[in-house]
């Protein structure tokens, strides 16, 4: 029940990553460098896959979607974080906070579902190689990607509905550099145990179940490859791809499980894990995958060479 003298909070104050000016400048330089140099790399991956006629496999279509989601995911929090390094009072409106929370969970959940689709793609390629083109046709790939986005949307709407119905009458300070359910729920002027339980179930349990299922599926695929296949180039590529997917799964789900699969209490590592989860790892994920993929690297070099050649001409 809402308090009698209820006054709705119209904005939230963010504490940021540090209160020390020197530390803020160092962090700004690091994150700006990382964001501006890694971001074009992800855009290059998307352009390469779209423009190269040899990269038409469903695996590359899904990789391009992963890169797009990762760019979007990191851009939900990074730009405002960079601006806030130079602002004395870091504030975000109530509507802006809800929007940031919505897009963070929308894109994040969509990416988790997409990683599951990518695991299914590898299963079809390794276990059903003769029927792979038939199983993972373009139409099915588009449907699976659309379902991933739809699942992310439904998940995010649930979080937003649970948040907007809570009363906020102060304090309005969030011990973070962005808005998320783990921070906003703590300052609500009501008993939030039911909402918190639903959020943990929605975000935390889904993360844990998907994470375990993906690790088991990739372990099965690796065991199958090493047991039944030879040491040819195609087998090496398949094993390398599986290891890349496992790395991405760990980077994506590890911090998510730490943040959401527990009571929303404050811990000393929260901000550090959040930075890696919302800014660093999303931009690195497609890069990690690409570094182990010879075909994509070759196509990227060719595209960059062609661009410079056209400019010089």
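Heads up, the Cβ atoms here are built off N, Cα and C, so glycines get one too.
Residue ranges 2-24, 25-47 are listed, and TrEMBL annotates 25-47 among them as transmembrane segment. Of the Cβ pairs linking the transmembrane segment (242-261) with the transmembrane segment (98-120) and spaced 6 or more residues apart, 3 or more are under 8 Å, so the two regions touch. Among the recorded stretches 25-47, 98-120, 140-164, the one sharing the largest number of Cβ pairs closer than 8 Å with the transmembrane segment (273-291) is 25-47.
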